[in-house]
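S.K.: My questions all concern the structure below.
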Amino acid sequence: METIILAVVIAVVVLGALGGLLVGGLRRKSPPPPPPAAPDITAPPAEPHVGEEAETPREEPRRTIEEVDLPEGSAPTAVEEPLVPEIELPPIEVPEPTAGRLVRLRARLSRSQNALGKGLLNLLSREHLDEDTWEEIEDTLLTADVGVQPTQELVGRLRERVKVLGTRTPEELRGLLREELLQLVGPDMDRTVRTEPEAGKPGIVMVVGVNGTGKTTTTGKLARVLVADGRSVVLGAADTFRAAAADQLQTWGERVGAHTVRGPEGGDPASVAFDAVKEGKEMGADVVLIDTAGRLHTKTGLMDELGKVKRVVEKHAPLDEVLLVLDATTGQNGLIQARVFAEVVDVTGIVLTKLDGTAKGGIVVAVQRELGVPVKLVGLGEGPDDLAPFEPEAFVDALIGE
Ligand SMILES: Nc1nc2c(ncn2[C@@H]2O[C@H](COP(=O)(O)OP(=O)(O)OP(=O)(O)O)[C@@H](O)[C@H]2O)c(=O)[nH]1
Ligand SMILES: [Mg+2]
């Protein structure tokens, strides 16, 4: 009889312990209840003892098991693991229509660039346009990064026309300067950003440039412009150097409901770009925008890598646009970058960013001359809708004021 009672007691103890283990095991997978009163982390971990097991009430075994089994610091808290994980979907934004942007462009430009136009007008208005004055005019243009050759051309034309004009009214001077600056900026260049899908393939745009010029921001802003125009967009995060770069792009995409294709950190950027176009095709997207990592034009290895990204994407179809993003504040150095990038990836358009923070808008002229490629877009601030199509008339008007 005693033996039977002993056997039953042992069975109850064993089952109890097993039950406790099971509950403890399951509990680690399922969300925990709010933690008990602050655990005493200074107390030594409780060691289970043979006698204790039998005495431990069934209601409590998990406390013992948790304290023994879980490595220090891993005790889950209610904050870390909510009962029902909340997935917050950000609301999809409807970007500002592109039509209103021109007005803002002028306001932002004139704030920083007026010095150039106004300075030129003041100089031209002097009663005696002597050699010193013409030299000052030249200096004003050079300071604004217009470049030596275009400056000499402009000054030559102005000298000629002012001579023909004889006496000058301020309106005549303004009109004359406007015409000549416009000529210099190139009113007839085709500045359309080519994003049209055709024959079952999306428009493919790749964005390149040195570090920190505004590539990712521009890609995000451009996605917004396209979405605002009713296009579906896929983003390719071909900057695989840092996971944060892909996150940055994805955040831009999520705001307007654009899907982002990304790869592992440190992975092959060419294969991410390839996959982005592949997914874009499969999804029937209108446009695929590929953001690339910033790279110094002097690093041959990285420039070769960029060439490879382009070639690999072209296994799908030719690229419609390769946009070189230049920071307007970097001045003449931008020209050297432009030259190298153009050699490696056949740049088809220039995006001039940070024009809101510089009086060196003359770089528009210089860089177009350097590459024979038009400035297609300008960045005028850090805001999501601070990217505008480049329009020569509006640009020149902003320079000389109205
Ligand atoms: N004021 C102003 N800031 C800009 C403009 N475009 C970009 N920026 C800022 O420039 C900084 C760099 O922008 P990113 O888009 O991260 O530059 P990136 O070229 O992608 O940088 P990397 O990927 O590191 O090479 C950010 O702080 C942007 O907000 C612009 O048009 N105006
Ligand atoms: Mg970037």
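Each residue, glycine too, has its Cβ placed from N, Cα and C.
Pasting the relevant annotations from TrEMBL:
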- 29-84: region 'Disordered' (REGION)
- 49-66: compositional bias 'Basic and acidic residues' (COMPBIAS)
- 209-216, 291-295, 353-356: GTP binding site (BINDING)
- 374-387: domain 'SRP54-type proteins GTP-binding' (DOMAIN)
S.K.: What binding-site residues among Gly209, Lys215, Thr292, Leu355 have a C-beta sitting less than 6 Å from any atom of ligand 2?
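M.R.: So the answer is Lys215.
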S.K.: Can you give the mean pLDDT for the domain 'SRP54-type proteins GTP-binding' (374-387), rounded to a whole number?
M.R.: 93
S.K.: Using a 10 Å radius around each Cβ and counting other Cβ atoms from all shown chains, which of the binding-site residues Lys215, Arg295 yields the largest count?
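M.R.: Of the binding-site residues Lys215, Arg295, the most buried by Cβ count within 10 Å is Lys215.
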S.K.: Near ligand 1, which of the binding-site residues show up if the criterion is a Cβ under 6 Å from one of its atoms? Options: Gly212, Lys215, Thr292.
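M.R.: Among the binding-site residues listed, those whose Cβ sits under 6 Å from ligand 1 are Gly212, Lys215.
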S.K.: Tell me the residue counts in helix, strand and coil for the domain 'SRP54-type proteins GTP-binding' (374-387), as DSSP assigns them.
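M.R.: When I sort the residues of the domain 'SRP54-type proteins GTP-binding' (374-387) into the three classes, I find 0 helix, 6 strand, 8 coil.
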S.K.: Where among the binding-site residues Gly209, Gly212 do you find the Cβ with the fewest other Cβ atoms within 10 Å?
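M.R.: Among the binding-site residues Gly209, Gly212, the lowest count of other Cβ atoms within 10 Å belongs to Gly212.
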S.K.: For Thr292 (GTP binding site), what is the secondary structure by DSSP, using just helix, strand and coil?
M.R.: strand
S.K.: Taking DSSP as the reference, which of helix, strand or coil describes Leu355 (GTP binding site)?
M.R.: helix
